[in-house]
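Written out below as structure tokens is the structure these notes cover.
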């Protein structure tokens with residue numbers, strides 16, 4: 001403390017001892033009675049209650065009104081300063097009393113009363129202004145002045161007060177302070193008052209969060225404080241009133257805990273108060289949001305369920321659209337007409353007629369798609385054309401494993417008609433076998449089932465030619481529109497040839513040639529319009545579309561699989577087929593007839609050696625072994641010497657040369673999107689044996705035959721012309737994949 005403050009405090013103590021009676025009188029009796037009268041704030045009051053000069057009044061405020069304290073004259077310090085202490089709301093309140101000095105009293109307009117704590121920066125200020133300003137004289141120098149009460153002061157604390165008159169030429173620092181000390185609590189209040197007991201705050205106030213609950217713990221107050229319980233007041237920082245939670249003190253422990261349940265997240269203000277409201281400690285705590293253990297699964301379900309529902313609706317919509325699209329394809333074929341009703345009425349009677357027996361022969365070297373077409377065609381012949389079809393895929397493989405040749409010869413003998421499905425693989429391997437049938441060693445493909453069957457059929461065909469021309473009607477060679485007539489082996493040239501599905505009516509009429517009187521009753525039974533009347537016809541349509549798609553994706557699939565090249569292939573321009581003929585005419589639209597070569601322009605390269613046929617033949621004999629001697633040699637085409645296997649190159653025809661598309665193979669409907677419908681109306685034996693369609697054909701397991709390796713010197717050999725295929729030497733410069 002500064003020396004001058006210590007000196008002032010000493011003089012104040014001496015003055016208080018000497019003038020104690022005066023201070024007691026100024027206090028106005030008991031502190032409680034005095035406080036009851038003077039704790040209120042007075043706006044306007046008389047200058048003194050004892051002077052009798054009621055014509056002098058002051059207006060009080062808290063120094064908010066700024067008046068220029070500077071003046072032209074000096075005004076003396078206040079005289080006879082006394083302090084009146086009393087209790088207001090269990091705290092100290094003081095009132096300052098003084099008298100004005102005689103010097104400069106005529107210039108006095110008011111006083112400023114400034115109260116400060118000696119060891120603190122806290123400051124309170126009051127301002128007294130004459131309500132009716134007028135000039136005072138020396139007769140007012142004994143008039144007592146009184147300030148408003150100064151409230152909320154501390155017990156036993158040192159203060160000083162300055163009374164500054166204005167306007168004065170002297171500054172505030174030129175006026176002397178008056179020091180005093182507030183009285184003890186037990187002097188102003190009753191000794192048993194709780195406000196006079198020692199002040200206590202808990203040393204530790206711990207706040208923690210457990211889920212959505214808030215846990216508050218603190219240490220106990222000593223027993224002499226007499227606290228019976230505590231209250232926890234809490235609220236959000238920007239909320240209104242406090243919420244209260246009572247905490248019972250446990251005497252057996254050193255701490256007391258309170259649990260605040262279901263507290264919402266936010267920034268909280270927490271206050272700890274005892275039951276007498278004399279102890280208070282505040283703290284702040286941020287409650288964080290807690291994620292429920294069910295929040296994750298609930299969120300996942302909330303996201304998954306709508307997605308599943310949307311996906312289900314999207315899938316259903318897609319399926320319905322595709323079904324509608326397929327229905328649109330067949331809708332114009334399913335219109336009610338006298339023809340369809342006639343067909344529906346005639347179908348049961350057709351079932352009762354004897355069914356012609358048909359033996360179906362095919363090549364298993366053209367891939368699975370071609371085998372699917374063959375199998376669907378067999379179903380179609382049985383279901384739509386009313387035939388009894390013999391197909392190796394439908395036979396019990398375990399029973400005919402060792403007797404395939406005998407089974408084929410038996411079926412050829414028993415059948416009324418023999419249908420050979422010609423394809424590129426059939427042409428290649430049959431002609432290759434015929435070309436080298438004179439070889440002495442066993443070939444790799446000499447035991448293929450279809451080679452044995454074709455050899456037997458060719459022998460029967462040659463015998464039928466010698467007997468009568470009517471016997472040739474038993475032998476039929478068919479090819480689908482992804483092949484051409486040039487794919488018919490030379491050994492089957494004497495057979496009747498049909499292109500499917502263009503010549504479907506003619507094929508059905510051929511199969512039922514002995515029943516012309518029955519077919520004449522319903523001529524539309526086997527028309528191309530009725531092609532789609534049965535599920536087997538639609539299944540055949542899908543299988544043909546899949547084969548077309550496979551050829552479009554890999555035009556050179558056959559060459560890649562069976563004709564390995566030793567030299568890099570010569571660059572050539574791949575043919576572009578704008579459309580392919582579906583073989584169908586919808587809504588009875590008649591297509592313009594044209595030669596077969598307009599659709600399928602094939603070049604048949606009969607590779608011969610530069611020195612002549614004998615040299616090339618001997619070279620091929622050295623490269624590949626011939627078939628077994630048991631296999632009968634078949635005659636080659638009459639138009640050419642012994643031919644090597646033929647390779648076909650497709651020439652892209654001009655738009656005028658291309659046949660008109662009948663529209664049944666709609667490019668807007670990819671064949672990959674169509675499914676094979678189940679076959680109905682089949683006999684139980686055929687349904688049972690049809691389960692073998694996915695197994696290896698009866699010709700598998702007997703080995704495959706590698707095609708001959710063609711040397712580069714034979715690439716520029718002559719070109720042989722055969723029935724149905726035209727040679728173009730200027731377009732085929734080298735052997736290349738299709």
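Yeah, the Cβs are placed from backbone N, Cα and C, and that goes for glycine too.
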Listed as N-linked glycosylation site by Swiss-Prot, one of 19, 262: 19
Stated Swiss-Prot location of transmembrane segment, expressed as one of 216-236, 237-257, 279-299, 300-320: 300-320
Nearest of the glycosylation sites (80, 137, 171, 206) to residue 62 (N-linked glycosylation site) - Cα to Cα: 171
Set of same-chain residues at least 6 away whose C-beta sits under 8 angstroms from residue 137 (N-linked glycosylation site): 105, 106
Other C-beta atoms that fall within 10 angstroms of the C-beta of residue 171 (N-linked glycosylation site): 10
Surrounding CB atoms that lie within 10 Å of the CB of residue 206 (N-linked glycosylation site), all protein chains: 13
Neighbour tally for residue 80 (N-linked glycosylation site), based on other Cβ positions within 10 Å of its Cβ: 13
Protein Cβ atoms within 10 Å of residue 62 (N-linked glycosylation site), excluding its own: 11
